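If you look up TrEMBL, you'll see Cys13, Cys18, Cys21, Cys39 marked as [2Fe-2S] cluster 1 binding site. The [2Fe-2S] cluster 2 binding site annotation in TrEMBL covers Cys79, Cys82, Cys113, Cys115. Among the features that TrEMBL reports, domain 'FAD-binding PCMH-type' is placed at 178-358. The FAD binding site annotation in TrEMBL covers Leu348, Lys367. If you look up TrEMBL, you'll see Gln703, Arg846, Gly999 marked as Mo-molybdopterin binding site. Under the heading active site, proton acceptor, TrEMBL lists Glu1171.
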Amino acid sequence: MRWIELRGTKYMCLEAGCGACIVSVVKSPGAPPEGVNACMVTVTSCHGWEITTIEKIGNRSDGYHPLQRSLFENNGSQCGYCSPGWVMAMYSLLKKKKMTMLEIETSLGSNVCRCTGYRPILEAFKKFATDAPDPRILDIEDLSICKKGGERCSSDCDDYDWCIVSRDDVQSGVMHIKLSDDRDWYRVNDIKDIFNVLALHKNKSYMLVAGNTAKGVYPILEYPRVLIDVSSVAALKGKYIQQNLVIGAGNTLTELTEIFESMRKRDDFEYLKVFVDHLKLVASIPVKNIGTIAGNLMIKNKHNEFVSDLFLLLNTVGAEISIVNENGFTKKVNMETFLKEDMDRKVLLNILLPPLNEDFVKIVTFKIMPRSQNAKAIVHAGFFYKLSQYNRVLQCRIAYGGLSGVFFRARKTEKYLTGRKLFDNDTLQGAVRQLDQEMVVVENPPDMSVAYRRKLALGLFYKGLLSICPQDILDQRYKSGVVRLRESRTLSSGEQSFDTNPSIWPLNQPSPKFDGLVQCAGEAHYSEDVPSLPREVFATFVLATVGLGTIENIDASVALNEPGVIAFYSAKDIPGENTFTPAGTTFYTANEELLCEKEVKFYNQPLGIIVAQTQKIAERAATLVEVTYSKIRKPVLDIKVTKHDPKRIKLFSSSKATRTGDDVAKVIKGEMSAYTQYHFCMETLVCVSHPTEEGIKLYSATQWIDVVQRMVSRVLKIQQNKVDVFLRRLGGAYGMKISRGTQLSIACAFVTHKLNTPCRFIQSLSNNMRYVGKRFPSSITFETAVNKDGVIQSNDYELFEDNGYVVDEPLAMLASDAFNNCYDKAPWDFRLYDATTDTPSNTWCRSPGSFEAVSMSELFMERISYEMNLDPLKVRLANIDRENHSEILELINTLKEKSNYEARRLEVEKFNVDNRWKKRGLRHSLLRWTPVGSLYLPVNIAVYVDGSVVVTHGGVEMGQGLNTKAAQICAYYFGISVEKVQVKPNDTTISPNSFTSGGSLTCQFVGVGIMKGCNKFLEKLEPIKKKNPNATWEELIKAAAVAEVDLQTHSMTGMADIRNYNIYGATCAEVEVDVLTGEWNIIRVDLIEDVGRSVNPVVDVGQVEGAFIMGCGYWTSEELICDPKTGEVLTDRTWTYWVPQARDIPQDFRIYFRKKSFSTEYILGAKGTGEPATCMGVVIPITMREAIVDARKESGLASDVWFPIDGPYTVEKICLACETDVIDFKFY
């Protein structure tokens, strides 16, 4: 689509994991519209399809679609990069059927948003539900037309005795296309055609293609020579009953679900209801719309370790598979035999499911994932029991996946159970022992540990039995083990409470981002949306493949011989300085290499650039560059290790205690660590560079256009005025694009400089996650003395910040004032260290430095409360610095009242007493966040003769609502409507020498610059106004123009504009965990933040919600795993790195802004909002810990003994920390 300049549809992961690329398709006349991931579908497979993109459903010319408007009006678009994908996902769902609010909420696992925290998106789309309070039902009557009956589909097609035959049923012939890379593509309509094509290409590699979704699991760098599209083969579609239920292997997973749904109403196939429910947990709807039965099972055949839910379901009930070979011979095999079957030149024809009598058969399945939706199974299990009327086991099947590539059935356990009374404690214990002995569980990084997967498999076996145990046998406390925490979650809700003063509008006016509608329509332009130019080339980095070593030789000859490859460049080709960081400035102390010249500092460090005709060719060629290394060494990766090495740490700052006490009840020693987080911007690092008559123009995705210009100048040895950098907006940033985008932008400009041709440099998600620095890992060690009330008497406290391989960006400074949070630092002896590891240079990431410091201080307070067996809130209150931070007490009291804390505290305690296998926590976290520094930002204001206004400024719009607030502030000072103000894009000519955008300060400083500019302008107008006291704005401007008044002003911001203030916050969270699996659900979060007098409360609510959910992700599911031997990042994709999704946010999410708060008039009373709430995400692991502690008490473990959990509280860490003993598995 981007080749034909339809750039409204975005992309990021290119593996169907983010949803940015969703479009709506009709695969044949009369077929229902379906959402699909464009990145999965080859162009040739689209033959005969009708494809609808975001540009068609609503736009400026034809009017906007109600979905686009609703998403905009509900502030569901911040950076906007993901918005078209969300709209198209919802559009496709509503085109197919009417839905309830809960159905809508559970159907959007296809999409990721890093900005909003999901709540406003869900609110926007739930308005179109049939059960919404004021439903905005779209007319879909003419959209779903039956291919057979020709009428609107209202029932199963089997209800028609007579059917019109669709075109698909009679289409014949083979279509052949010779592709540009000399591959052969065929579309066939009959099975014999498949084998005829294969006969023509006997010695060539081939691939049968239907949905092509396998590449989302196992990426395909180079396709086979022959591609055969089998999606139109009628013999692979449909279903029929021949004692067994026979289902064509070419059915999509969506069609399979529909078949199961219709067939479960028939005798002996009622068990398919279990399969329907399980398939809801499999993949996303757009993936299921094209992924097929055969495709899924063939992945399992080729990769036995693949966790195929479909294979598990079929294996659970003893299904079979039919396979046909090139001679026309068909054979049936069971599921495990299929895994060993050589499928070369064979076709998977259909699956056969047996009839099972519901009266005697019980079937239960489970899928445990790292988050609620759209993730592969950690472990999944299926249990089949055929029982006598006295509950003795006549037959059983116990199936697993996710343990290893060889263990799929627990046959010894099945044998043990046969003939025994199932719901007996002795039988249960014997079966658990047998299962534990026979399971084969192997390490398979980055999969979760053997210990967890083994424990989880046993827990699922027990949960399965609890699920079918007669209620009169089961003890009341054990019934909680039956509840499926995530699947039983009800509809989410939200509440936002803030003040607004209409008398000063548009200032303080709640309104969505002004550019939100064009973002939702795909009309908003990002850096990579620049139209293609003739002779344009594509570039990508070549990455080092050792963690530490010396480059001896680089041989690019094989890559350069590949068709379409144009050039390879290394450090020796750089004309100027080989660096992308401006060393010697405030925020940069070192030169980081643009391309590694000799010594490799970390795994996947960029060492070269490949240039090619297409992105795919460049990416493949990059893997063909051969590099010879010497002195290869094992890297040091862990801050917990490096902090003990004097050569790797350096004191950054320290502060001595000013007071110590001698009322010591206990001395507590310990350490805690937290690790890194990838920014996960929906727009990856990208740049487009064009040669111009002056030099080079760059469209760079950067938070700092000036440093891009400056460093391109240095690297290319040209004057800065020959480099133009243009930027309209970013698709998310969170700090990554302050410096890391500079490296790529320089490389892009370098290619244009060398070849004098346009260049497009797009980093894949995988490359981004591998070589780009991330959030600083951190670790603390402490020895603290406290009294009986938990008041700190003395505290020897060290904080170590992991900079990566070099101390360059001195972000430790942002922790130097935040280490004590809001607590009295008088008794603290504090030392802050910079540390280094053999990892990429870590960088800015939403609330850098302060995030680690605040989080550690809150966990530290929790430790005191547990060790002293005290109420954690009382411990916090006892240690608050009441002299400097007493304002936070008001927020705490408000929060306690709003959250109904006291009553809920009793409810949680009762819940934990009543339930053995579910536990809840209810905890607080506090926040004091202080913005640091100033921003040099130029601001220009121009007024046209008609009275309309244009503002340009040196800040970067990245979803935080900067331009919206800028327009509001300008309109406020001029006393005009915001519709008269427009904020134009930024470039280095309009805003030369501007500073970076970040630190939650950009809106503040741009606002100050606008205030200055407006006041200057109003001074110019004063003489005109005196002559025309009753004139309107438009009349004044016309008069000024006639009088030759300069109708533009310039201002700038800097150190003199710093206004110091503190931002306070408090959060109360309630979380429930499943003791047997580690799964969790955030039941409710109440969050209050002091945002001052917000310029735009709705925008700031979005910032707070998004920041908090990003913090939640850090503390729950976002775990980066590296190979300990090499340092290679193993979790570099959406398949292995799991950011929160819509069903992971608080089920009840309430945001309150502090009332009557005001900073200073100079900054209009406002305070920063983009980053602070990230720090409050620590309330989630704190609350989870309370639930874990209660579970441990059930196992006889003391509640006042601290147990370490470093980094995110993943389902693995939660389950293992509960330390459940299988001896406690009981029915009664």
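From the backbone N, Cα and C atoms, a Cβ is placed for every residue, glycine too.
Predicted, not measured: the structure shown is a model, and the values here were computed from it.
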Largest separation between Cα atoms (Å) of residues that the record links to Mo-molybdopterin, namely Gln703, Arg846, Gly999: 13
Lowest local Cβ density among Cys21, Arg846, which the record lists as binding-site residues, within 10 Å: Cys21
8 Å Cβ shell about Gln703, Arg846, Gly999 centroid, Mo-molybdopterin site members excluded: Ala733, Tyr734, Gly735, Ile738, Trp844, Pro848, Thr996, Ser997, Gly998, Ser1000, Gly1170, Glu1171
Within the predicted model, mean pLDDT of the domain 'FAD-binding PCMH-type' (178-358): 96
Nearest recorded site to Cys18 ([2Fe-2S] cluster 1 binding site) by CA-CA distance, among binding-site residues Cys79, Cys82, Cys115, Leu348, Arg846: Cys82
Pairwise CA distance, Cys13 ([2Fe-2S] cluster 1 binding site) versus Cys79 ([2Fe-2S] cluster 2 binding site), rounded so that it is a whole Å: 17
From Cys82, Cys113, Gln703, the binding-site residues whose CA lies within 10 Å of that of Cys21 ([2Fe-2S] cluster 1 binding site): Cys82
8 Å Cβ shell about Cys13, Cys18, Cys21, Cys39 centroid, [2Fe-2S] cluster 1 site members excluded: Tyr11, Met12, Leu14, Glu15, Ala16, Gly17, Gly19, Ala20, Asn37, Ala38, Gly85, Thr1134
By Cα-Cα distance, the member of binding-site residues Cys79, Leu348, Lys367 nearest Gln703 (Mo-molybdopterin binding site): Cys79
Spatially closest candidate among Leu348, Lys367, Arg846, Gly999, the listed binding-site residues, to Cys79 ([2Fe-2S] cluster 2 binding site) (Cα to Cα): Arg846
Leu348 (FAD binding site), number of other Cβ atoms within 10 Å: 24
Cβ neighbour count within 10 Å of Cys39 ([2Fe-2S] cluster 1 binding site): 20
The residue listed as 'active site, proton acceptor': tally of other CB atoms within 10 A of its CB: 27
Pairwise Cα distance for Gly999 (Mo-molybdopterin binding site)/the residue listed as 'active site, proton acceptor' [Å, integer]: 7
